[in-house]
Amino acid sequence: MTGKLLLATILCLMGGSALGDDVLEGTYNVTAFCTAVKTGTQLGSIESCQTYYVCTSTGPQKSSCQDGYSYDLAKSSCYPSSQVNCYWGLDNPCTGRDKVWVPNTSVCGGYYYCTEGTCSPAKKCATNQVFDSTTQACKWGSCNGADSTATEGTVLSTPCDVVPPGIWFGDTEACDIWYKCESSSTGVTLKNGVCGTAMPAFNPQAQNCGYKTAAICSRVTGNPISNVATSCTTADSKKADPLVCNQYSECVSGTWTKLACATGYYYDVNGKKCVLRQDATPVATCNRCLFAQTMFVNAVDSDNCSRYLYCPEKGDPTEIPCPEDYYFNESDQACVPDSGLKEYVGSNGACLGASVDGATTEADEATTADPKE
């Protein structure tokens, strides 16, 4: 989950008193984030390794670790700075480091290479990629709705930079969406889900889908978690979320507003509307395991429909190729001979434009989203 996640829109304020004035750190709205988590949750800072916030019913309360200590987000406590992997607010993030890559926290997707404590010239990941300090590499993602070519100042790249792993929290775009940061040996991954129709609203205090109506979202702050790149000029224009197949943004009153399709529907990049998952052609970088009822699903593949995904109950999907002269049939849950590809493409949007020889028409190319745009 993620994509351009947690962008400016309506924020579900579920219980609690009115919040105080906004607390802002660069593109990070701490006050807005506190409305999406359980009261008492501690959030990290993106300006100082010593600072953290405690979310109360009246807003965030700022706290600081003692000198020589830094806040460990995963442990929600202060530890000696030498034991904490933190780069926020450091003049030289390469101090004491050699032959490693470290993030440039002032630029979306930025990073440095450290040589004997000295930083290389600033570098930057490709468009629609962010730098992962755990793996020391660029990966697909976006800076919380930010346009990485225009972002300056301290940047909140992902909610997992400030919220502890293992807790469920709400969203600033729709009351039925929830998130969770899951930690593993390869880093921290943002997961998301959508509440069902029986309990359509997520309750941050109970950390579950616990409301039978979304009417409680009438109590909103109207403040985004991140205020980066939310403005737009063309009314009613739309763009797909690069990571989450059922999400998209629409230009409303000069602001990009994040919206989500109903359960079982994806945002179709050609029709620019929500359609049934099987019929939709979503953006090529999104995860089609969302809403899937099977273990294996087609990847978005306008070439020859031969790539598919394994959808585990936990963790990220794995992409697998079919043998040559075979395509993946999601209904059959198997790679099958290319002889049936033309008919299959007609009713499966993920493979729109695919053909036996792998040729994509000019018209198809014009309507298929480029993952690096």
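Note that Cβ sites are derived from N, Cα and C of the backbone, with glycine treated the same way.
It should be emphasised that the depicted structure is a prediction, and the values quoted were computed from it without experimental measurement.
The signal peptide annotation in TrEMBL covers 1-20.
The annotation domain 'Chitin-binding type-2' is assigned in TrEMBL to 31-88 (among others).
Per TrEMBL, the feature domain 'Chitin-binding type-2' maps to 91-140 (among others).
Applying DSSP to the domain 'Chitin-binding type-2' (229-288) sorts its residues as follows: 0 helix, 24 strand, 36 coil. Marked as domain 'Chitin-binding type-2' by TrEMBL: 229-288 (among others).
According to TrEMBL, the feature domain 'Chitin-binding type-2' maps to 289-353 (among others). Across the domain 'Chitin-binding type-2' (289-353), DSSP helix (H, G, I), strand (E, B) and coil residues number 11 helix, 19 strand, 35 coil.
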Whole-number mean of pLDDT values that fall within the domain 'Chitin-binding type-2' (289-353): 93
